[in-house]
Structure formats: C-alpha cells, structure tokens
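To start, the structure itself, in structure tokens.
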Amino acid sequence: MKVVLTGVDPNLYLPGYFSLSTLVAKLGGIIFCNAAGLVVGTEGAWTHLMSILTHQLLRLPFFAPLQAKPSTRLQLLAAASAVAVSSAFASPLGGVLFSIEVTATYYLISNYMKAFVGALGAAIVVQVTTTTIVQSHPSIYKIEFPSAAAPIINIPLAIPLGVFLGLLSALLIRIVRFLSDKRTAWRKSSSTVVRVLVTWVDPLCVVVLTSVLSFSPSAPYISPPDLPRFYMSANASSISNAVVDGFVPVVLLPLAITLSVPTGVGLPTFVMGAALGRVYGSLLTSALPDWNLLPQAYALIGAASMTGASTRTVSTAVIALETSASLAYMLPIFAATLVAIETSRAFATQSVYDATVNDLPYLPCLDFADDTTTADDIKEPHVIFVTRKPTLVSILVALNRMPGHDIPVVESEANRMLLGRISSRALCRVVARYYDAADL
C-alpha cells in the first residue's frame, strides 16, 4: 500500500494486486496461517483486503465518478488502510495514526477526514460485535489500574525498558531483512530444486519449528491473542514462561513473515513487548517493593515500545492506551516508546515493514542534510509528452512509450511549460477519430 499511495500504477508494478482472486487467496491465507499457529499478525493482511474491497467497489457504475479521479481514488485507498488497522486493533484513533505512519511518507491532509470517518464506522461495528455477540468488554486488554495517575518515578524506570526493546527490535529487523533477501533470491533461482524447496519444504519446516517452540508440556497453553491480556493482568506470575514468550518470537516471527503468506507484525511484537515488560516489572517490584510499582503496567509499556520500535510508529502508544482503556500510564508509555524507536533507528535504518519490501518503487523517507544531489543530477532529459497542438506522430509515440498512463501536456516543443495531463484513453479516442475522418 505504501507503493500504491505513492502514486505508482499498481497495474504496472503490482499486477493482480487488487483482483478478486487475490482477495480470496489473502482471506484464506490469513485464516490458515493463524489456524496453523504461525507467529504472524493480521493488520497487514486486513489492510490489503480492505484496499481490494475499495478498488472493487470503485469499479461499480455508481462510484464511476470517484474512480475517474486518481487523487480521490488514492484518498479512499488511504481511508481503507485506516479502516483495516482500526478494525484489527479495535483502536479508531491509534489505527488511523498507525496507518498514516506505516503507509505514507508524506500524507495529504485531505485524506484525514475520510480516514477518521471510516475508522469511526469500523470502531462502531467492532464495539457492537464485541459487546452484543461476543459479550466481552469493548476494550481488548482492559487493565484495572488505580484511579490516581501513575507515580512519576515510572517515567525514568520505563526508559531502560525502552532501550532494551529498541535493541531487540533492531536485531529483529536485521534478521527479517536477511531472510527476506535470501528467500527472494531463492525464489528467483534458476534451479528447479531450489524453487521447489523454498515453495513447499521451507514453509513446512517453519510450521514444524513453530509447533515445537510454541507448545511447552510444563506450561498451560495460552493462545497468542490472549497472551497480552494475560501478562497485563495481576495473575501472571511465572517469569520463565514470560521470558520464553518474549524471546521465542525473535526466531519465529522473521521466519513466518518472510514466507509468501499473508502476515502482519502487530500482535507478535505486542506479545513480545508485553511478556518482556512483565519480566522487567516483576524484577523491579522485587527489587523495589516499597515503591508502589505495578508489573502489569510495564507489560503495557513494553507492548507499546516493542511494537513502536519494530514498526517505527509512535501511534502504537495511542493504540496501547485505547486497548487498555486507561490513561494512567500515558507518560511512561510515550517516553519508553520514543526511546525504543530512536534506539532501534540507531542500529537499523528500516522498519520491519520496509525490510520486507524488495525492489518496489515506494517513496522512502531520506535525510537530505548532507546530500549534495541537485535536480540536474536526477532529472530525465528524454521526457514523454504531447504539446497543446500535437501531431499524430507525437501522439502515437507517446502512446507507444507510455501505454495506459496519463501523459503530460506542455505548451510547445520550445516552451515546455506544463499545462496538465491527458489520459491514454482520451488520446486513443483522438487517434480513432482521426482515422475515421481520414478513412484509414
């Protein structure tokens, strides 16, 4: 979606990305991946699913005026991303902000209102479903904190946790990048044996390894969606199990999300942070029993910090606050998340999402402070265009060089002042009318 929202034509670089067959494959894939117990999240798959539904709805005659405007179409796709993330996390505010941080390098303010309207509708549906059908609390990880605000001492105590989780996320991102590059190379290998192994044997090995490492006969099984709630409760007491739940995903998550299956990283990193945060909080309460510290609070702080450092998003702190229905630990959560993000950025330049993007033309966020590159160094001198009064030959050349694309319109060959753009379909109609008039 970052590539699509950049303005790149998906038909050229991502053929089939918005097709109905992709919708069926993606939906079935995310169901089977989670049923198989793979350490994956769902927000990535839901974002893709919502974008496909938006694309297919825009093909209906009723929405034809919206489909005809590329800028409006991109705004609706951005809103679809916000709806997907908000639904996945049950967090309307944090979901919108998260979708902005993840899918856009530069964000159009005109998208903002559409995203919040869509996220509000999604949040209403989620709340109605959870309270009436599932009959659970509308907040996913409801935490009972004291009514008073958290002691100010929690802010400096949360900083070391943020530093540690930032380092761990940097290691995670580097592993993801390494495996992503290797598997991409293997899928393009000229050897049939290598391609068969990476297509069929590799996923089987990952599933078996996940089964072995995820199930311990000495500990009761807790499903991944329930693990954050478990570590944010007052009942979690086993530090050894928390250590296992915190470090095992460092191995399993990179193996799973670099497979050719629908994945996400939200829930696994949330679980990792919650488990390790609970360990840190338990150690603090043992060392400082008179300081009125709550271990479950550090589970929440760790969940936000680990997810934020891995995805490079501050909005995970907002998501943590919304899903826990508590603002008592707002300052420690934001402090630890910001520290974790900066620590991770110092050792890994990409987010976990960008680490899996291979050779796609998305717009990266670059630092131009020490760059001496000028526009003359990167400009393309041989630009395809048509003039305000074009010749038939120039139109045919432009259509041949840029089929299916909008083509720039300039004043003349001598004065290349940009006047606007014209679609290839409109130019084809001009050529057809000329042929009919000339009886060609």
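Glycine residues also receive a Cβ, built from the backbone N, Cα and C atoms like all the rest.
Automated prediction, rather than curation, is the source of TrEMBL annotations.
Residues annotated as transmembrane segment in TrEMBL: 12-33 (among others). Taking Cβ pairs closer than 8 Å, the transmembrane segment (12-33) reaches residues 3-4, 40, 42, 45-46, 48-49, 51-53, 55-56, 256, 261-263, 360-361, 404 in its own chain, all 6 or more past its ends.
Among the features that TrEMBL reports, transmembrane segment is placed at 76-100 (among others). Away from its own ends, the transmembrane segment (76-100) comes close to residues 1, 4-5, 41-43, 46-51, 53-55, 58, 66, 107-108, 111, 114-123, 125-127, 130, 138-140, 264, 266, 311, 313-323 of its chain (Cβ-Cβ under 8 Å, at least six residues beyond either end).
Annotated transmembrane segment per TrEMBL: 112-133 (among others), in sequence order.
Look at TrEMBL and you will find 153-173 (among others) tagged as transmembrane segment.
What TrEMBL lists as transmembrane segment is 193-215 (among others). Within the chain carrying the transmembrane segment (193-215), a Cβ under 8 angstroms from the stretch's Cβ atoms is held by residues 36-39, 183, 186-187, 221, 248, 251-252, 255-256, 259-261, all 6 or more beyond its ends.
Long-range Cβ contacts of the transmembrane segment (251-276) within its own chain (Cβ-Cβ under 8 Å, at least 6 residues beyond either end) map to 26, 29-30, 33, 38-46, 48, 88-89, 161, 164-165, 168-169, 172, 175-176, 179-180, 183, 187, 199, 202-203, 206, 209-210, 213-214, 224-225, 227-228, 231-232, 242-243, 245, 299-300, 302-307, 310-311, 352-353, 356. Annotated transmembrane segment per TrEMBL: 251-276 (among others), in sequence order.
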